[in-house]
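As structure tokens, the structure follows; a few thoughts come after it.
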Amino acid sequence: MYALIRQLLFRLEPEQAHRVSMQLARLGLRIAAVPGVRSLPAVPRRVMGIDFPNPVGLAAGFDKDGEYMDVLEQLGFGFLELGTVTPRAQPGNPQPRVFRIPEHEALINRMGFNNQGAEPLVRRLEVSRHRGVVGINIGKNRDTPPERAVEDYAQALGMVYGVADYVAVNLSSPNTPGLRDLQHEGALRNLIDRLQTERKRLAELHDKRVPLVVKIAPDWEAGELDATLDILLERRVDGIVATNTTLGRTGVEQTPQARESGGLSGAPLREQAEWVLEQVAARRDRRTALIAAGGIMSGEDVTRRLDLGADLVQLYTGMIYRGPGLVQEAVRAAARHAGQPA
């Protein structure tokens, strides 16, 4: 059924197709096309002190402003990561800014943190009936100068803290100029120290400790990843999301879309994301959660990431190419990996 729906959706511009697909799902059309959602096995995981009903989550970027939580929670996800949100609303980059490469099950996007701002998301969560696990991914506004980036992150953390089960710090989007520089050396130390100080204050204010995770890039020069991991592990962040989209074009070099700027996601990212995941898994202690993202297109991919050491996995581009049935496939793969009936 989804193959037919996808043919129709792919006739639309990607952002329009995304909105239409979510509206159709809200009407129940896509839910009806995915039998067995409510009979999915429970695959409980306790990670970062949070009880997840299963380890399969939605990656940031799919529901930036929390507008589709009612739809997404019915698909079988164990958690939703909303955002990226910034302290102030911003339009993102000019359109077109998303490009499909169907023959490679890939996307290139240069969205640029388009979002309504943190405050509207917080209001939606405050009145939402959604009771599942929610992470919120935060970033800096594009017009905030690099020397003030830390304050943007601290402000965003303060805004979302009361409604988040965990907060993901996005330092790795390739579509905000200078953002990835925050992954390195002194800038990273300063940022993590500032956020942990702010988290301590917020924990006392809200009487709860919200885990902080950092989302990292897949693109690293020799030695850079180890240096970044040194800082993240030394500063005892609660988790690491590996990875964001890549600036590389391996596997899609001959396509017309390869000339477009932005981050590449989907199947061509699989090998690179797995390599980074493996490096992080080899370094981290068991206290540091590991969330796998990037190029997860099948249940086999889920099994592979869990084998490599991931505690949780996240889907995005796979949902666009495989549809909501991928969530079921992923959860059942996680159940089999845990030795449970699927």
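From the backbone N, Cα and C atoms, a Cβ is placed for every residue, glycine too.
For reference, Swiss-Prot has these:
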- Ser173: active site, nucleophile (ACT_SITE)
- Ala60, Gly61, Phe62, Asp63, Lys64, Thr84, Asn137, Asn170, Lys215, Thr243, Gly266, Gly295, Tyr316, Thr317: FMN binding site (BINDING)
- Lys64, Asn109, Arg110, Met111, Gly112, Phe113, Asn170, Asn175, Asn244, Thr245: substrate binding site (BINDING)
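On the structure: features taken from Swiss-Prot.
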| residue | record | DSSP class |
| --- | --- | --- |
| Ala60 | FMN binding site | coil |
| Arg110 | substrate binding site | coil |
| Asn137 | FMN binding site | strand |
| Asn170 | substrate binding site | strand |
| Lys215 | FMN binding site | strand |
| Gly266 | FMN binding site | strand |
| Tyr316 | FMN binding site | coil |
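Residues Lys64, Asn109, Arg110, Met111, Gly112, Phe113, Asn170, Asn175, Asn244, Thr245 make up the record's substrate site, and a Cβ search at 8 Å around their centroid adds Gly61, Thr84, Gly92, Ser173, Pro174, Thr176, Gly262, Gly263 from the same chain. Asn244 (substrate binding site) is 11 Å away from Tyr316 (FMN binding site) when you measure Cα to Cα.
A straight line from the CA of the residue listed as 'active site, nucleophile' to the CA of Asn244 (substrate binding site) spans 7 Å. Note: Asn170 (substrate binding site) has non-local neighbours Ala60, Gly83, Thr84, Asn137, Ile138, Gly139, Leu179, Lys215, Asn244, i.e. same-chain residues 6+ apart with C-beta under 8 A of its own C-beta. Within 10 Å of the Cβ of Lys64 (FMN binding site) there are 20 other Cβ atoms, across all protein chains. When the Cα positions of Ala60, Gly61, Phe62, Asp63, Lys64, Thr84, Asn137, Asn170, Lys215, Thr243, Gly266, Gly295, Tyr316, Thr317 are compared pair by pair, the longest gap among these FMN-binding residues is 20 Å. For the pair Gly112 (substrate binding site) and Gly266 (FMN binding site), the C-alpha distance works out to 18 angstrom. Using a 10 Å radius centred on the Cβ of Arg110 (substrate binding site) and all shown protein chains, the other Cβ atoms total 21.
Less than 8 angstroms from the CB of Gly266 (FMN binding site) sit Ile101, His104, Glu105, Ala106, Leu107, Gly295, Met297, Thr317, Gly318, Tyr321, each of them six or more residues away in the same chain. Within its own chain, Phe62 (FMN binding site) has Leu72, Tyr316, Met319 as residues 6 or more apart in sequence whose C-beta sits under 8 angstroms from its own. Here substrate is bound by Lys64, Asn109, Arg110, Met111, Gly112, Phe113, Asn170, Asn175, Asn244, Thr245 per the record. The longest Cα to Cα distance in that group is 16 Å. Across the structure, Arg110 (substrate binding site) and Lys64 (FMN binding site) place their CA atoms 14 angstrom apart.
Under the DSSP three-state reduction, Asn244 (substrate binding site) is assigned to coil, being neither helix nor strand.
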